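According to Swiss-Prot, the features are:
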BINDING   Thr12, Thr122, Gly202  ATP binding site
BINDING   Asp101, Gly139, Arg140, Glu141, Asp146  substrate binding site
Amino acid sequence: MNYYVGIDGGGTSCRARIRNQQGEWVGEAKSGSANIMLGVEVALRSVVDAITQAAEQGGLSPDDFPSMHVGLALAGAEQKEAWHAFMQQAHPFASITLNTDAYGACLGAHLGEEGAIMIAGTGSCGILLKGGKQYVVGGREFPISDQGSGAVMGLRLIQQVLLAQDGIRPHTPLCDVVMNHFNHDIDSIVAWSKTALPRDYGQFSPQIFSHAYCGDPLAIELLKQTAADIEMFLIALHHKGAERICLMGSIAERIQDWLSPPVQQWIVKPQSDAIEGALMFAGKPEHNLYKDGL
């Protein structure tokens, strides 16, 4: 029997879902980061770990991997060099098809029909599928892109907290959260920043939301800025022809109330998720982002 696996991999986690050839659910699991820009070996290891755990739920084992066609919707796959490096790795599966996490999410959100999505989680990216073509805005990775993401919001938070420590801007309760995290040691923040990954900055986003709802001025400022960034991408997608846009990801799903009313009118609920989108192209090499790979 053949099995089909959908993978949704981002900067924070990798989620796997297995279905049999009748489309019946077999198992689902989550592992670590699968952003291929952070290392193709790490990403493949996370993929295999998630599939292994999901397989166990359905009474399967690694012996069944050669019967599995895997659709990979991974962050960072838009980078051609990284895409090729990932695809050149040895793997135990029947086939792998690799496209971006945004592509998988858009397919899932509109069940394969035309439409657009705006993803904002650890990273951010907007994508429109229309007329057989793919249009992308943003998504060029932290720190040079990914506006509207948890990572950029967390970076801005750290910057503002340091300004508050210097007496340049007012200190708020949200500043205390960050300083407590680093044991009130600015040198620790500086040292941490030298190796901090997008998910490390993104870890502060839940606190930003909760403090904004409590009226914290800094948190409100950060959310307004994040909403403006996301709205910028939504307008760009609309100009490219998007009539229906789904908000996806931990930040985007919570930011809708912060968007302007005209923009909110374009928002629709996703019909499914990125894992289902990845399942749609499992075993279908024509969905590979680049066609000259292995």
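Backbone N, Cα and C define each Cβ position, glycine as well.
A map of Swiss-Prot features onto the structure.
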residue: Thr12; record: ATP binding site; Cβ neighbours (10 Å): 23
residue: Asp101; record: substrate binding site; Cβ neighbours (10 Å): 32
residue: Thr122; record: ATP binding site; Cβ neighbours (10 Å): 30
residue: Gly139; record: substrate binding site; Cβ neighbours (10 Å): 21
residue: Arg140; record: substrate binding site; Cβ neighbours (10 Å): 15
residue: Glu141; record: substrate binding site; Cβ neighbours (10 Å): 20
residue: Asp146; record: substrate binding site; Cβ neighbours (10 Å): 27
residue: Gly202; record: ATP binding site; Cβ neighbours (10 Å): 25
Sorted by sequence, non-Thr12, Thr122, Gly202 residues with Cβ within 8 Å of centre, ATP: Gly10, Gly11, Gly121, Gly123, Ser149, Gly150, Ala151, Pro198, Arg199, Gln203, Ser250
Alpha-carbon distance [Asp146 (substrate binding site); Thr122 (ATP binding site)] in Å: 9
Pairwise C-alpha maximum, in angstrom, for the residues (Asp101, Gly139, Arg140, Glu141, Asp146) that bind substrate according to the record: 14
Secondary structure of Glu141 (substrate binding site) (DSSP, helix/strand/coil): coil
Separation of alpha carbons, Gly202 (ATP binding site) and Glu141 (substrate binding site) (Å): 13
Inter-residue C-alpha distance, Thr12 (ATP binding site) and Asp101 (substrate binding site) (nearest angstrom): 13
Farthest-apart CA atoms of Thr12, Thr122, Gly202, residues recorded for ATP, distance in Å: 9
Gly202 (ATP binding site) versus Asp101 (substrate binding site) - Cα distance in angstrom: 18
Integer Cα-Cα distance in angstrom, Gly139 (substrate binding site) to Gly202 (ATP binding site): 16
